[in-house]
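The feature compositional bias 'Basic and acidic residues' is assigned by TrEMBL to 400-414. The domain 'FHA' annotation in TrEMBL covers 22-86. Feature annotation from TrEMBL assigns domain 'Tetrahaem cytochrome' to 179-255. According to TrEMBL, the region 'Disordered' annotation covers 390-421. Annotation source TrEMBL lists transmembrane segment at 133-151.
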């Protein structure tokens, strides 16, 4: 219960007890009705937040003054706080019994607008405001407009520039950091007098910037086809104001995808914390006709066919792996080296990442040699030459046997044919340990299946590891327990939300749309159609 005590201008005092929300305004249905045109019909609402606090919500376009601060729309009021509504004062205090009380002091209409009798106006002192204002306006026009226009048409002596006002007199605010290097040259952007900066001026430097989407109808429906650069990028606002970041710019369209042809199959998105769907990835799947790209929801069962046999859990064993100089404990960055800007990773190469431990040494008929990597035809040619040089009778030395039963050794069978020895290298001994193999068929030799390593699994987003260096890799990627190289070891959205919240979050990192997405289309990035590109430049068709 809240006690409302009203003090009228004539000294009368009334009291009433109110429970629940309290509304204040000019209309008769308000809990507290206040007179005056400066009071809206329904001006504000006070809702009990705790036993000794009230939540203020402004219901009109006219803001409320709270403790002398103008322009307050919401606030939490405690005893001692004071509101001003259209000249009326509402003070929050405590009753003798410990409850909340609102003391309302109405404005005296007879004194409204009356000033201090001791105040002398400029007019009373003999100073007219209009004349100095006109003189000042004329001087500004002469110095800042007429004279510069005249000097623009002629070639004045150099000393004239020392007496002329700086171009900074014309600036409407601080220029952004991105444009500071030419910020003193106004004509670099403002190439026409009294005309807003044109797209042509922006494209002199930003020629590679493309539009937002490919679908012309959606661009028209959203009104983006008629927007200019300056419609979104406001210069002279602050050091970073030229780059709009608030998600409302994106949510205007993406929270209602059903209204746009290009978005009808997309889920609604309006905020990362509360209005973002589960991640979708572009992965590789194997079909009867070969590998294809496929868009799929990211979960623990999502797979990406790479064509490699690489168990992460074996290579990340805490006991180490067998290296050329003894046991070695591998870390993630031994193979995954950040690329430029730490956006992605450098492509992995056998020669730099694998060969120290996996040397392609074979022994054919007692002749040891090392196979080349990455060229199936060259490997086959080398093996055929080696087999051809091996004597027919050449066999491995008989092993010493401790057998005490009849027969000194087991029957090894007839020596394998040359083709069989070659196919064995591909299908069992060397290549098949790390690669998927298309096995030999009738009139067709075995071949190593080309690896399908993607540049990115999220072509519609961008992620940089640079600001995440303090996070351990296994916090997001479960590589140490993955025994299948087809496992897609990407974190789901819940992992990101452990640190990242919406734009208004107070407990998490405030994250906007452009932290992960680009507005303008760019190569390998966000808003254009996915190309399904692999690290080797190969492009896969999108599956259904």
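Glycine is treated like the rest: Cβ placed from N, Cα and C.
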Residues from the same chain, set at least six apart from the ends of the transmembrane segment (133-151), whose C-beta lies under 8 A from its own: 160, 164-165, 169-170
Counts of helix, strand and coil residues, the domain 'Tetrahaem cytochrome' (179-255), according to DSSP: 33 helix, 0 strand, 44 coil
Counts by DSSP class (helix H/G/I, strand E/B, coil) across the domain 'FHA' (22-86): 0 helix, 34 strand, 31 coil
